[in-house]
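Here the structure is laid out as C-alpha coordinates; the discussion comes afterwards.
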Amino acid sequence: MKGRLFIAVSLLASSVSCAFAVDLPATVAPPSIQAGSWVLMDYTTGQVLTAGNEHQQRNPASLTKLMTGYVVDRAIDSHRITFDDIVTVGKDAWAKGNPVFDGSSLMFLKPGDRVSVRDLSRGLIVDSGNDACVALADYVAGGQPQFVALMNQYVEKLHLRDTHFETVHGLDAPGQHSSAYDLAVLSRAIIHGEPDVYHMYSQKSLTWNGITQQNRNGLLWDKTMNVDGLKTGHTSGAGFNLIASAVDGQRRLIAVVMGADSPKGREQQAAKLLHWGQQNFDTVQVLQKGQKVGTERIWYGDKEQIKLGTDQDFWLALPKAEVSRIKAKYVLDKKDLEAPIAANQRVWRDFTV
(Lines of atoms letter the chains of each structure in order from A and count residues from 1; the text may use other names and numbers.)
(Lines give C-alpha, C1' and ligand atoms only; values in the text may rest on other atoms or scores of the structure.)
Protein backbone atom coordinates (compact mmCIF):
# COMPACT_ATOMS: atom_id res chain seq x y z
CA MET A 1 0.00 0.00 0.00
CA LYS A 2 1.30 3.45 -0.88
CA GLY A 3 0.84 6.83 0.75
CA ARG A 4 1.70 10.34 -0.35
CA LEU A 5 3.90 12.87 1.36
CA PHE A 6 3.47 16.56 0.48
CA ILE A 7 6.50 18.79 0.95
CA ALA A 8 6.87 22.45 -0.03
CA VAL A 9 9.88 23.29 -2.19
CA SER A 10 10.84 26.44 -4.12
CA LEU A 11 11.70 26.18 -7.79
CA LEU A 12 12.97 28.94 -10.00
CA ALA A 13 11.76 30.00 -13.35
CA SER A 14 13.59 31.30 -12.61
CA SER A 15 11.56 30.55 -10.19
CA VAL A 16 8.69 28.36 -9.39
CA SER A 17 7.33 27.44 -5.99
CA CYS A 18 6.04 23.91 -5.84
CA ALA A 19 4.78 21.14 -3.61
CA PHE A 20 6.18 17.63 -3.72
CA ALA A 21 3.83 14.70 -3.61
CA VAL A 22 5.97 11.71 -2.73
CA ASP A 23 4.66 8.21 -3.36
CA LEU A 24 5.65 6.20 -0.31
CA PRO A 25 6.01 2.44 -0.74
CA ALA A 26 4.63 -0.06 1.69
CA THR A 27 6.44 0.79 4.89
CA VAL A 28 9.25 -1.38 6.15
CA ALA A 29 8.01 -3.34 9.16
CA PRO A 30 8.94 -1.22 12.20
CA PRO A 31 10.72 -2.64 15.23
CA SER A 32 8.81 -3.56 18.38
CA ILE A 33 9.74 -1.00 21.03
CA GLN A 34 9.18 -1.46 24.76
CA ALA A 35 8.67 2.09 26.05
CA GLY A 36 5.95 4.60 26.76
CA SER A 37 6.69 6.59 23.60
CA TRP A 38 9.38 6.81 20.95
CA VAL A 39 10.46 8.46 17.71
CA LEU A 40 13.12 7.80 15.09
CA MET A 41 13.81 10.95 13.04
CA ASP A 42 16.04 11.52 10.03
CA TYR A 43 18.18 14.53 10.94
CA THR A 44 18.64 15.93 7.42
CA THR A 45 14.97 15.93 6.42
CA GLY A 46 13.15 15.91 9.75
CA GLN A 47 11.10 12.93 8.54
CA VAL A 48 9.77 10.55 11.18
CA LEU A 49 10.73 7.03 10.11
CA THR A 50 8.82 5.26 12.88
CA ALA A 51 7.11 6.35 16.08
CA GLY A 52 4.77 5.31 18.86
CA ASN A 53 2.73 7.70 21.04
CA GLU A 54 5.07 10.39 19.74
CA HIS A 55 2.82 13.29 20.77
CA GLN A 56 1.93 11.90 24.19
CA GLN A 57 2.81 14.43 26.89
CA ARG A 58 5.20 12.86 29.39
CA ASN A 59 7.63 13.94 32.11
CA PRO A 60 10.89 14.79 30.32
CA ALA A 61 13.09 14.47 33.44
CA SER A 62 16.67 15.53 32.63
CA LEU A 63 15.89 15.74 28.92
CA THR A 64 14.71 19.19 30.05
CA LYS A 65 18.39 20.11 30.21
CA LEU A 66 18.54 20.06 26.41
CA MET A 67 16.43 23.21 26.44
CA THR A 68 18.44 24.67 29.32
CA GLY A 69 21.61 24.26 27.27
CA TYR A 70 19.88 25.56 24.16
CA VAL A 71 18.88 28.79 25.93
CA VAL A 72 22.42 29.26 27.24
CA ASP A 73 23.82 28.82 23.74
CA ARG A 74 21.35 31.35 22.34
CA ALA A 75 22.61 33.84 24.95
CA ILE A 76 26.17 33.16 23.75
CA ASP A 77 25.18 33.54 20.09
CA SER A 78 23.57 36.89 20.85
CA HIS A 79 26.79 38.03 22.62
CA ARG A 80 25.04 38.52 25.95
CA ILE A 81 27.48 36.12 27.58
CA THR A 82 30.56 34.11 26.54
CA PHE A 83 31.88 30.64 27.34
CA ASP A 84 34.75 32.26 29.21
CA ASP A 85 32.55 34.28 31.56
CA ILE A 86 33.05 33.35 35.21
CA VAL A 87 29.94 32.58 37.24
CA THR A 88 29.85 32.85 41.04
CA VAL A 89 27.70 30.01 42.34
CA GLY A 90 24.86 31.08 44.62
CA LYS A 91 23.28 29.28 47.57
CA ASP A 92 20.26 28.28 45.52
CA ALA A 93 22.52 26.04 43.40
CA TRP A 94 23.98 24.31 46.48
CA ALA A 95 22.64 20.80 46.99
CA LYS A 96 22.95 20.99 50.79
CA GLY A 97 20.81 24.10 50.83
CA ASN A 98 18.24 22.77 48.36
CA PRO A 99 16.36 19.68 49.62
CA VAL A 100 14.77 19.06 46.20
CA PHE A 101 18.24 18.04 44.97
CA ASP A 102 18.59 15.19 47.50
CA GLY A 103 19.64 12.05 45.63
CA SER A 104 19.65 13.80 42.25
CA SER A 105 22.46 14.23 39.72
CA LEU A 106 24.91 17.00 40.59
CA MET A 107 28.14 18.65 39.54
CA PHE A 108 28.80 19.17 43.29
CA LEU A 109 29.10 22.94 43.28
CA LYS A 110 29.40 25.00 46.45
CA PRO A 111 28.33 28.58 47.18
CA GLY A 112 31.06 30.98 46.15
CA ASP A 113 32.63 28.62 43.59
CA ARG A 114 33.77 30.52 40.52
CA VAL A 115 33.15 28.46 37.40
CA SER A 116 33.23 29.31 33.70
CA VAL A 117 30.11 29.10 31.56
CA ARG A 118 31.95 26.47 29.51
CA ASP A 119 32.58 24.23 32.54
CA LEU A 120 29.03 24.69 33.82
CA SER A 121 27.75 23.67 30.38
CA ARG A 122 29.90 20.54 30.54
CA GLY A 123 28.55 19.84 34.02
CA LEU A 124 25.00 20.24 32.74
CA ILE A 125 25.56 17.92 29.77
CA VAL A 126 27.97 15.25 31.05
CA ASP A 127 27.12 15.13 34.77
CA SER A 128 23.48 16.15 34.24
CA GLY A 129 24.12 18.51 37.13
CA ASN A 130 21.00 20.11 38.54
CA ASP A 131 23.20 22.57 40.41
CA ALA A 132 24.91 23.58 37.16
CA CYS A 133 21.48 24.30 35.66
CA VAL A 134 20.58 26.64 38.51
CA ALA A 135 23.93 28.45 38.38
CA LEU A 136 23.55 29.02 34.63
CA ALA A 137 19.93 30.14 35.00
CA ASP A 138 20.89 32.68 37.66
CA TYR A 139 23.70 34.05 35.50
CA VAL A 140 21.83 34.21 32.20
CA ALA A 141 18.43 35.41 33.39
CA GLY A 142 18.81 36.55 36.99
CA GLY A 143 16.88 33.63 38.45
CA GLN A 144 15.14 30.35 37.72
CA PRO A 145 11.63 31.74 37.01
CA GLN A 146 13.02 34.21 34.49
CA PHE A 147 15.07 31.48 32.82
CA VAL A 148 12.08 29.12 32.62
CA ALA A 149 10.20 31.92 30.86
CA LEU A 150 13.00 32.02 28.27
CA MET A 151 12.78 28.24 27.88
CA ASN A 152 9.09 28.49 27.08
CA GLN A 153 9.71 31.32 24.62
CA TYR A 154 11.95 28.95 22.67
CA VAL A 155 9.27 26.27 22.96
CA GLU A 156 7.06 28.64 20.97
CA LYS A 157 9.78 29.55 18.47
CA LEU A 158 10.54 25.89 17.75
CA HIS A 159 6.80 25.05 17.54
CA LEU A 160 7.03 22.40 20.27
CA ARG A 161 3.29 21.98 20.68
CA ASP A 162 3.42 19.21 23.29
CA THR A 163 5.94 20.93 25.58
CA HIS A 164 5.89 23.22 28.60
CA PHE A 165 8.64 23.68 31.18
CA GLU A 166 8.35 24.55 34.87
CA THR A 167 11.95 23.91 35.98
CA VAL A 168 15.46 24.46 34.64
CA HIS A 169 16.61 20.94 35.56
CA GLY A 170 13.71 18.57 34.84
CA LEU A 171 12.82 17.26 38.28
CA ASP A 172 9.13 16.37 38.23
CA ALA A 173 6.85 19.40 38.55
CA PRO A 174 3.11 19.88 37.93
CA GLY A 175 2.47 21.21 34.44
CA GLN A 176 5.87 20.22 33.06
CA HIS A 177 5.72 17.93 30.04
CA SER A 178 7.12 17.20 26.61
CA SER A 179 6.81 14.52 23.94
CA ALA A 180 9.13 12.23 22.04
CA TYR A 181 8.42 14.16 18.84
CA ASP A 182 9.11 17.58 20.36
CA LEU A 183 12.35 16.37 21.91
CA ALA A 184 13.50 15.01 18.55
CA VAL A 185 12.81 18.43 17.01
CA LEU A 186 14.73 20.13 19.83
CA SER A 187 17.63 17.70 19.42
CA ARG A 188 17.73 18.45 15.70
CA ALA A 189 17.91 22.18 16.48
CA ILE A 190 20.76 21.60 18.93
CA ILE A 191 22.80 19.51 16.50
CA HIS A 192 22.28 22.08 13.74
CA GLY A 193 22.65 25.26 15.75
CA GLU A 194 25.18 24.46 18.47
CA PRO A 195 28.41 23.18 16.82
CA ASP A 196 30.49 24.71 19.62
CA VAL A 197 28.48 22.83 22.24
CA TYR A 198 27.30 19.63 20.60
CA HIS A 199 30.68 17.89 20.93
CA MET A 200 30.18 18.00 24.71
CA TYR A 201 27.32 15.51 24.36
CA SER A 202 29.82 12.85 23.27
CA GLN A 203 32.13 13.41 26.25
CA LYS A 204 32.23 10.17 28.25
CA SER A 205 33.32 11.58 31.60
CA LEU A 206 33.99 14.81 33.46
CA THR A 207 36.30 15.49 36.37
CA TRP A 208 35.43 18.51 38.46
CA ASN A 209 36.84 19.45 41.86
CA GLY A 210 38.48 16.02 42.17
CA ILE A 211 35.27 14.12 41.39
CA THR A 212 35.04 12.09 38.16
CA GLN A 213 31.60 11.16 36.85
CA GLN A 214 30.66 9.06 33.82
CA ASN A 215 28.19 10.12 31.17
CA ARG A 216 25.03 8.06 31.73
CA ASN A 217 24.51 7.53 27.99
CA GLY A 218 25.95 4.03 27.70
CA LEU A 219 25.58 4.00 23.90
CA LEU A 220 28.58 6.33 23.68
CA TRP A 221 30.74 3.27 24.39
CA ASP A 222 29.19 1.16 21.61
CA LYS A 223 31.80 1.31 18.83
CA THR A 224 29.42 -0.22 16.27
CA MET A 225 26.92 2.64 16.29
CA ASN A 226 28.82 5.97 16.17
CA VAL A 227 26.55 7.54 18.79
CA ASP A 228 27.71 11.06 19.69
CA GLY A 229 24.88 12.33 21.92
CA LEU A 230 22.52 13.41 23.34
CA LYS A 231 21.06 12.87 26.85
CA THR A 232 19.52 10.58 29.44
CA GLY A 233 16.83 11.34 31.98
CA HIS A 234 15.12 9.61 34.88
CA THR A 235 12.67 10.43 37.64
CA SER A 236 10.07 8.31 39.38
CA GLY A 237 7.38 10.02 37.33
CA ALA A 238 9.17 9.83 33.98
CA GLY A 239 10.71 6.38 33.97
CA PHE A 240 13.92 6.03 31.99
CA ASN A 241 14.39 8.37 29.02
CA LEU A 242 17.11 8.58 26.38
CA ILE A 243 17.82 10.59 23.25
CA ALA A 244 20.60 9.12 21.10
CA SER A 245 21.93 10.42 17.80
CA ALA A 246 24.16 8.34 15.54
CA VAL A 247 26.03 9.00 12.30
CA ASP A 248 26.11 6.36 9.57
CA GLY A 249 28.23 7.53 6.65
CA GLN A 250 26.85 10.92 5.62
CA ARG A 251 23.50 10.52 7.36
CA ARG A 252 22.38 11.06 10.94
CA LEU A 253 19.44 9.62 12.86
CA ILE A 254 17.88 10.77 16.13
CA ALA A 255 16.17 8.23 18.42
CA VAL A 256 14.02 9.30 21.37
CA VAL A 257 12.82 6.77 23.96
CA MET A 258 10.63 7.84 26.89
CA GLY A 259 9.30 5.76 29.74
CA ALA A 260 11.52 2.69 29.41
CA ASP A 261 11.72 0.35 32.39
CA SER A 262 15.47 0.55 33.17
CA PRO A 263 18.74 2.24 32.18
CA LYS A 264 19.69 -0.80 30.10
CA GLY A 265 16.20 -0.97 28.63
CA ARG A 266 16.29 2.58 27.30
CA GLU A 267 19.67 1.89 25.66
CA GLN A 268 18.43 -1.33 24.09
CA GLN A 269 15.31 0.32 22.67
CA ALA A 270 17.21 3.34 21.31
CA ALA A 271 19.83 1.04 19.76
CA LYS A 272 17.06 -1.02 18.17
CA LEU A 273 15.59 2.10 16.57
CA LEU A 274 18.95 3.33 15.28
CA HIS A 275 19.95 -0.08 13.87
CA TRP A 276 16.58 -0.41 12.14
CA GLY A 277 16.87 3.01 10.55
CA GLN A 278 20.46 2.46 9.44
CA GLN A 279 19.69 -0.93 7.92
CA ASN A 280 16.48 0.00 6.11
CA PHE A 281 16.69 3.67 5.03
CA ASP A 282 18.93 5.99 3.03
CA THR A 283 18.81 9.77 2.82
CA VAL A 284 19.10 10.83 -0.82
CA GLN A 285 19.33 14.18 -2.56
CA VAL A 286 16.37 14.56 -4.91
CA LEU A 287 17.10 18.13 -6.06
CA GLN A 288 20.24 20.24 -6.00
CA LYS A 289 20.25 24.00 -5.62
CA GLY A 290 20.55 25.62 -9.05
CA GLN A 291 19.77 22.38 -10.87
CA LYS A 292 17.67 22.64 -14.04
CA VAL A 293 14.57 20.51 -13.67
CA GLY A 294 12.69 21.35 -16.85
CA THR A 295 11.84 23.73 -19.70
CA GLU A 296 8.38 25.15 -20.39
CA ARG A 297 6.73 27.13 -23.17
CA ILE A 298 5.99 30.75 -22.24
CA TRP A 299 3.48 32.87 -24.14
CA TYR A 300 3.72 36.55 -25.10
CA GLY A 301 7.38 36.87 -24.13
CA ASP A 302 10.66 37.66 -25.86
CA LYS A 303 11.58 33.99 -25.60
CA GLU A 304 9.49 30.97 -26.40
CA GLN A 305 10.79 28.85 -23.51
CA ILE A 306 11.68 29.32 -19.87
CA LYS A 307 13.95 27.16 -17.72
CA LEU A 308 12.84 25.87 -14.33
CA GLY A 309 15.26 25.22 -11.51
CA THR A 310 15.41 25.01 -7.73
CA ASP A 311 16.77 27.53 -5.25
CA GLN A 312 17.44 24.95 -2.54
CA ASP A 313 18.66 21.43 -1.97
CA PHE A 314 15.99 18.84 -1.29
CA TRP A 315 16.64 15.55 0.49
CA LEU A 316 14.34 12.63 1.20
CA ALA A 317 14.68 9.62 3.48
CA LEU A 318 13.56 6.50 1.62
CA PRO A 319 13.60 2.74 2.15
CA LYS A 320 16.82 1.45 0.59
CA ALA A 321 14.88 -0.79 -1.79
CA GLU A 322 13.23 2.30 -3.32
CA VAL A 323 16.29 4.51 -3.80
CA SER A 324 17.27 3.11 -7.21
CA ARG A 325 13.70 3.55 -8.46
CA ILE A 326 13.23 7.15 -7.45
CA LYS A 327 11.98 9.44 -10.22
CA ALA A 328 10.66 12.98 -10.18
CA LYS A 329 8.22 14.71 -12.46
CA TYR A 330 6.26 17.91 -12.26
CA VAL A 331 2.79 18.83 -13.48
CA LEU A 332 1.79 22.39 -14.33
CA ASP A 333 -0.85 23.77 -12.04
CA LYS A 334 -1.69 26.22 -14.82
CA LYS A 335 -1.91 25.00 -18.40
CA ASP A 336 -0.04 27.94 -19.95
CA LEU A 337 2.65 30.26 -18.59
CA GLU A 338 2.32 33.85 -19.73
CA ALA A 339 4.86 36.67 -19.74
CA PRO A 340 5.92 38.65 -17.92
CA ILE A 341 7.56 36.24 -15.45
CA ALA A 342 10.42 37.81 -13.51
CA ALA A 343 13.50 35.98 -12.30
CA ASN A 344 12.74 34.32 -8.97
CA GLN A 345 9.01 34.78 -9.43
CA ARG A 346 7.07 32.02 -7.69
CA VAL A 347 4.38 30.04 -9.46
CA TRP A 348 2.70 26.93 -8.03
CA ARG A 349 3.60 23.50 -9.40
CA ASP A 350 3.10 19.92 -8.21
CA PHE A 351 6.05 17.54 -8.14
CA THR A 352 5.72 13.79 -7.74
CA VAL A 353 8.69 11.74 -6.60
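In case you wondered, yes, glycine gets a Cβ from its N, Cα and C as well.
The model shown is predicted, which means the values in this text are computed figures rather than measured ones.
Under the heading signal peptide, TrEMBL lists 1-21. Annotation comment: TrEMBL describes S62 as active site, acyl-ester intermediate. According to TrEMBL, the feature active site, proton acceptor maps to K65. Taken from TrEMBL, the feature active site covers S128. The substrate binding site annotation in TrEMBL covers K231. Per TrEMBL, the feature domain 'Peptidase S11 D-Ala-D-Ala carboxypeptidase A C-terminal' maps to 281-353.
Spatially close to K231 (substrate binding site) yet at least six residues away along the chain are S62, L63, K65, L66, I125, S128, Y201, N217, L242, I243, judged by Cβ distances under 8 angstroms. In the three-state DSSP classification, S128 (active site) falls within coil. For the recorded site, K231 (substrate binding site), the DSSP three-state label reads strand.
S128 (active site) counts 27 other C-beta atoms within 10 Å of its own C-beta, drawing on all protein chains shown.
Under DSSP, K65 (active site, proton acceptor) is assigned to a helix (H, G or I) in the three-state scheme.
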